[in-house]
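Written below as structure tokens is the structure these notes are about.
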Amino acid sequence: MKKRADPRKIKREEHKQKLSKLQERVDNFGEDEADKEVSKFEELPLSEATIEGLKNSHYVTCTDVQKRAIPPALQGHDLLGAARTGSGKTLAFLVPVLECLFRNKWSDVDGLGALVISPTRELAVQIFQVLRKIGRCHSFSAGLVIGGKDVAMEADRLAKLNILICTPGRLLQHMDQTSGFDLSNVKMLVLDEADRILDMGFKKTMDAILENLPVDRQTLLFSATQTKSVSDLARLSLADPKYISANPDTTSSTPKNLEQNYVCVELQDKLDTLWGFLRTHTKFKIIVFFSSSKQVRYVYETFRTLQPGIPLLHLHGKQKQGARMDVVSKFSKASSSCLFATDIVARGIDFPAVHWVVQVDCPEDAATYIHRVGRSARFGKSGKALLFLTPTEEPAMIQRLEAKHIPINKLTIRPNKKKSIKNQLQALCFKSPEIKYLGQKAFISYYKSIFIQKDKEIFQFEKIPSEAFAESLGLPGAPQIKLGKSAEKMKEEANAKKNQSRALQKLMRAGDDGVVSDDEKEVRTKMDRMFERKNQNVLSDHYLNMVKGDADEDEETGDFMTVKRQDHNLESDDDEDIANLPTSKRAAKQALSKKQSLKNKGLGTKTLFDDEGAPHALYEFDDEEDFKAAGPVESQVKEFVDRETKDMEEADVGDKELVKQKRAEKKRKRKEIERLRELDEYDEESEEEGDSEEEQAAKKPKWFQRDESSDEEEDDGVLEVEEPTTLEDLESLTSKLLKK
């Protein structure tokens, strides 16, 4: 009797055979000429679960970068992928991640197998959402680790993850704090927007992360502007990397369907131009880029008050994570809206159907320009881009763009489209000290952003019109700016502070034993928080910073503009008030009486002020010496008479003109009354004539005015009358018959 086969064993054997066939297809892919003309995901050597996930997510056709990057990534090569914005780079590295773990039979007990690092939180969330869609048919566990979330909750789940999508700062924090977080089994490392991650801002963080990763891993780098720096590639320990470039025949890095233009405007006219643009594009979806978060907040708060007629949103790195995700969701769903943002949404974020990308501040280089305009014209759709350049920035920046083969045209603004809002901004700053403070911070942050730029040919710091720019923001004058350090050092410190984890900063403040000081660990109750509660509006912190008087001037990282309050010696009236207090009930009653209080106050005095602001009494008399010094009495009298005569003549001219105007107005009113009266009389006459005609028509016609109907009645020979009842009726009937 034969032994029955185990179905689980048969299933395992079938799975092994499928894996071996799939591995064979991957190894041999590209040898046949037909493999080079792949157009669909089904034609690639992918697992059934991945193909099914792509189909369910409506991904059927491969883009150029996907069919060039996926096969070598499946074969285990390190890649440097460069493609236009909106060309599908996310799928180009997520599909190899799933296939790598699937062919290695990865399970929960194997730990973390793939690591995807993104420079911004919003981009990491977007990558995670795409991974959930295409990987739904696999059994891998994936997680998202970004700043702004609960660290303890993330730490509990890290040990069970197979695929981790994260930002550099939060990943390094978990590597330092979370026990059991092991990166020794990582098979694949993916850096999205690699040129941004490898720059100076993330240098220390990325070096610490790379030290803990295995050397034999596979590394994929993707960006629209890829780095080829030897030092960067050496840091990543790439082994014979392959450079993948989509559309190598074309030279431009921007989408073909993107219409790119620029306008040359003065710095002080930028907000006026932006206002006019928004007023004429209220039915479009627009992203407006600024160089700093302070400028974003100022423009958002002021434009929101002025109401340009289009929904406004703002997004910058100083917002809480929940607020940032809410703004991204609202803008993605909106059909017409304007988003004021910094460069945190310049890379990788896919906002659907963006019509316009407006860059109010000049980008630092051509690569930043490419990433910004890439938010529009994605996946073959059309879009438009507009760049604001000052006359000093225009020549050098256009040269940089032409060197990258970026086609851009110059536009001129119609005079009828220009509208100045300087007066409105000045009124807002005058009414609200919070808006004024935001304007000061926006002014300073713009100056700092220009000062720290490397390309001094484009950004000429000394040629900025400070007073005119401050006036355009509604400020009474240009704030003072402290720039004690070099531009390179300031930029390095700003990037390090911006990208460093706040939790790591807290650990750095701990002692040698790793214990944080008691002051920072002090328990604060609900009652303490209630008494510490301050003004709850969005600008309360800025207002407090403006009015506080104990700021440290030597603090280099603090605010540039703070109002210093100085103590003055004030005369105290407490002693007089105590002396005037009533001593009895009667005196207290008299003190409450208005009549009695007026007796004690005495007579009031009237003071006049001259043109210089000096006070004078209402009547001032000259001394005898002053009177004699002015000259003889006769000459003074003559001068006085002449002066008064001249004043009276000038006043007489005005009085005559006023009387003339009053007479003309009186005459005009009289004629108007007469005209109205004539119209009323004419209307009455016309009505009377109409009434008389009706009366005549109602009268009985004469014998010679009889109509046809009366003739017909007479021709009948019949006279219809009522039955006579009296003698008078009989007499009248007799007379009628005789007449007939």
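Just so you know, glycine gets a Cβ as well, placed from its N, Cα and C.
Swiss-Prot lists motif 'DEAD box' for one of the ranges 132-135, 192-195, 432-435, namely 192-195. Residues near Gly86 (ATP binding site) in space but far in sequence (CB under 8 A, at least 6 apart, same chain), listed by position: Pro255, Asp350, Gly374, Ala377, Arg378, Phe379. Secondary structure from DSSP puts Lys89 (ATP binding site) in a helix. Ranking the binding-site residues Thr85, Ser87, Thr90 by how many Cβ atoms sit within 10 Å of each one's Cβ puts Thr85 at the top.
There are 24 other CB atoms within 10 A of the CB of Arg84 (ATP binding site), with all protein chains counted. Here the motif 'Q motif' (39-67) has Cβ contacts under 8 Å with residues 22, 25-26, 29, 74, 81, 83, 87-89, 91-92, 95, 98-99, 102-103, 133-138, 244, 246-247 of the same chain, all six or more residues outside its ends. Within 8 Å of the centroid defined by the CB atoms of Ala83, Arg84, Thr85, Gly86, Ser87, Gly88, Lys89, Thr90, the record's ATP site, lie the Cβ atoms of Thr63, Val65, Ala224, Ala246, Arg378, excluding the listed residues themselves.
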